[in-house]
């Protein structure tokens, strides 16, 4: 009571209540902050778990796609190996058949040479086919390695995208460990299933091809010696060998599986029904065997080309599946795929060129003996049965010699005297009528020849030209009437003066007309003509 003695009765001590209120406020604020912190932690944990779940879901999808691609690539590789082994075995069987057939045809050297050429071309084709298979193997993508000691597992493509989220990993390490364990278990189970499928396919392949491995190794050596491996291909082969799990070595007891499990991808050979076979009817048996060999070689070429086409189709389908996951694959895989496609196209073109060349050679070989067969001379039937062939040849030679001598004598200038004529001998006796007719004919010929000589010797008379006759006429007319008409006559004379070269008959007629006119004028008028100059001669004198 002493403490509160100084306090008045009506007053209340508020300090006590204030302290209690402050304590309650502090408790409430602390509880609120604790709740907020718990909510923040829960939200962060939920976000972290969601991110981890999403990341591991993406990783699981990516791993599943890669595992599927790898299994498909391994299956393709095994299928290609089976086709290689099948082709090599088939080639060996055909070689054995050819060797057995060649023993029957050893007497024909040309056929032996053609068979050696065919076997060498077959070996080249088989090497080229194995080379194309080796080059065309698809390269599987690299499987990411899982390290047991690391809790945080991320691929190379995800590290670049998750650099800004490292603080989330540190917070969510404990809840994500369980999820990672589950994912690792799933991955191990999927890898075991893929490895079991691989081991089953390997076992079936090895069970069916145990006897052919030696041949495939020899063909592989041939291909490796022909095609030098680049450092990129070596790295890829190392990755392939490291990517295969060790579980394939465990199941070796299943090698007794039948060969029917391996799919047979070899195409059916179409029957060669060509019009060239109709030419084989009239050929000897040796040529028939040779043509059969050539047809077998052409079939082998077609089968190899079709097998390569089927392999290219399988690889294209695998590439289409791989294209869906190209966002995760690096650019180097795209470049490798382009290189593989180019190499496949080149191999296909080479095989087609070889096929065309072989077809051309086969056609030439078929046409060659036929030409020789038709070039043989046919037997000419005898036309002259009275003489033997030797006598006929001698007669022909003698005739040719005589003909040459006669032609040589005919070409000489004095050949008429040398060649005997029948007209030189005594003529046959004729009847009297024929003799009289011959004498009359000879007399007529003599008279004609004398007349011809006389006509040739006659010279033309002077003053018989037309111009001279006209001048003479006008001169005479001027003597008779010296009137103005004379001028007109002179003008006409000047007009006619250039016309010369008339015939003798026309000049003669003009001369006669002038003569008659002159005589008429002389008798009628009685004029006396003056004497002419001595150098002028008239036509009628």
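Each Cβ is built from the backbone N, Cα and C atoms, and glycine gets one as well.
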Between 28-47, 48-67, I'd like to know which one Swiss-Prot lists as region 'Disordered'.
28-47
According to Swiss-Prot, phosphoserine sits on which of 160, 216?
160
According to Swiss-Prot, which residue among 19, 278, 491 is annotated as phosphoserine?
19
Among 8, 343, 478, which is the one flagged in Swiss-Prot as phosphoserine?
8
To which of the residue ranges 406-430, 431-455 does Swiss-Prot assign the term region 'Disordered'?
406-430
If you check Swiss-Prot, which of 161, 214 turns up marked as phosphoserine?
161
Determine how many residues of the compositional bias 'Basic and acidic residues' (35-47) DSSP places in helix, in strand and in coil.
13 helix, 0 strand, 0 coil
